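Written out below as structure tokens is the structure these notes cover.
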Amino acid sequence: LKDQFDNLDKHTQWGIDFLEKYAKFVKERIEIEQNYAKQLRNLVKKYCPKRSPKDEEPRFTSCIAFFNILNELNDYAGQREVVAEEMGHRVYGELMRYSHDLKTERKMHLQEGRKAQQYLDMCWKQMDNSKKKFERECREAEKAQQSYERLDNDTNATKADVEKAKQQLNLRTHMADENKNEYAAQLQNFNGEQHKHYYIVIPQIYKQLQEMDERRTIKLSECYKGFADSERKVIPIISKCLEGMILAAKSVDEHRDSQLVIDCFKSGFEPPGDFPFEDYSQNIYRTISDGTISTPKQEGMRIDTKTTVGKAKGKLWLFGKKPKGPALEDFSHLPPEQRRKKLQQRIDELNRELQKETDQKDALIKMKDVYEKNPQMGDPSSLQPKLTETMSNMDRLRMEIHKNEAWLSEVEGKVAARSDRRHSSDINHLVTQGRESPEGSYTDDANQEVRGPPQQHAHSNEFDDEFEDDDPLPAIGHCKAIYPFDGHNEGTLAMKEGEILYIIEEDKGDGWTRARRHNGEEGYVPTSYIDVTLEKNSKGA
């Protein structure tokens with residue numbers, strides 16, 4: 001390839017162009033990965049649920065599985081970004097840096113080759129000039145020799161002419177000899193430089209170009225491998241993402257979802273009872289001796305179809321659309337079962353808040369004790385406002401808990417009463433063939449369940465044992481108020497600091513003690529505000 005300098009120039013340029021072409025391919029692949037990851041993240045963001053209250057959080061296993069799949073897909077998008085970043089750093093960036101270095105090196109080697117070629121061309125021109133000069137001097141010497149021989153043979157020529165022609169011949173011969181020597185020296189020099197050029201300089205330059213091109217090929221091979229490694233490195237994590245999606249799919253439990261639907265919409269109400277048979281023929285059939293159609297009393301016993309149907313229709317909303325109404329504090333607008341769940345959730349939240357306030361009070365008391373023992377660390381009185389506020393919050397939370405527990409007990413009592421009543425009424429229905437009244441109670445008298453109003457005493461009997469008592473409770477001890485208590489809330493008893501009260505009911509763990517004044521006024525006071533002394537034999541109020 002000693003004479004293929006131009007072709008090698010074109011080949012090395014093609015190699016660099018190919019390197020840059022592959023770099024462009026990698027760049028476009030990186031853009032595809034980045035756009036793919038971006039679109040995946042936008043898709044996940046689009047279908048991910050907005051931040052919602054706890055009540056609206058998805059509970060169905062199919063929904064939870066879908067959201068887990070979205071999370072795994074988001075992680076998968078992150079791995080696509082890792083692939084793009086790895087390709088950009090390890091492949092594309094390396095290719096661009098190497099391409100720049102390769103162009104610089106190629107330019108240097110080609111410049112060296114052109115310089116060597118230019119130097120060889122210069123030596124050839126010098127040799128060619130000396131050759132042409134030697135050839136010209138030889139022709140002039142031959143002409144001088146011919147002129148001298150003609151004059152020497154001419155008898156008419158003078159001696160001076162002959163001598164002059166001889167001197168001219170000698171001069172031309174001498175100049176021809178000098179040019180001969182110069183031509184020989186230039187020829188020897190050119191042959192040496194040409195040999196050096198084709199056997200030393202050019203092979204060395206071509207070897208450098210060959211090494212450069214081989215390094216380019218090796219670099220391409222490494223980039224091909226790095227291109228694949230960038231993808232292969234994230235395969236384990238991508239596999240975990242796919243496994244997470246499969247596990248999410250396997251976690252779907254149709255029975256659990258069905259049970260959640262039942263728990264969510266379970267109202268606790270009884271289904272509507274059977275419609276009573278309305279006998280319109282009782283006024284037609286009469287004895288022959290009876291001349292009247294019916295008595296006013298019987299007329300008044302006639303069943304009002306519209307009223308009965310209206311009452312029955314009023315019960316149907318329990319299994320159809322729930323009537324809309326304002327949300328009440330005690331959740332009485334909800335069905336019993338849903339009301340019970342809401343109240344239990346609220347009680348749990350209040351207990352957690354109470355525990356936080358209790359921990360804060362204990363910490364403040366400990367800090368106050370430390371300040372009292374070491375006054376240089378702080379003023380104990382500075383903690384009193386915070387301590388008072390914390391205790392006030394605890395009292396408020398205890399009252400809220402007590403109030404919600406009362407509502408919960410009411411709901412649980414109603415549900416239990418309905419269950420017992422339903423069980424007993426089912427038995428009575430089988431034995432006596434009775435019918436259900438509009439309010440859910442059973443009776444043997446068909447007229448009574450139509451005409452009679454709903455019995456109120458059945459509702460009140462459920463709470464007689466808990467809230468009503470004819471005789472006042474006996475005192476089981478007495479207490480002294482350590483702190484004043486306002487007692488603004490219903491069911492509480494206000495007291496002054498140092499006031500003596502009777503204890504008629506101990507603290508049941510909710511932080512409240514039931515007390516009575518000397519004038520007979522009763523109510524609940526915070527247990528932490530009083531100093532209690534219980535007595536074995538105590539007289540009643």
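Any Cβ shown, glycine's included, is placed from N, Cα and C.
Per TrEMBL, the range carrying the annotation coiled coil out of 25-59, 340-374, 375-409 is 340-374. Beyond the coiled coil (124-168), the same-chain residues lying 6 or more positions past its ends with a Cβ under 8 Å from any Cβ of the stretch are 175-176, 178-180, 182-183, 185-187, 189-190, 194.
The list of residues near the coiled coil (340-374) in space but at least 6 beyond its ends in sequence, with Cβ under 8 angstroms from a Cβ of it, reads 263, 268, 330-331, 334, 380, 383-384, 386-387, 390-391, 393-394, 397-398, 400-401, 404-405, 407-408, 411-412, 415, 511.
Summed and averaged per residue, pLDDT over the domain 'F-BAR' (1-257) gives 89.
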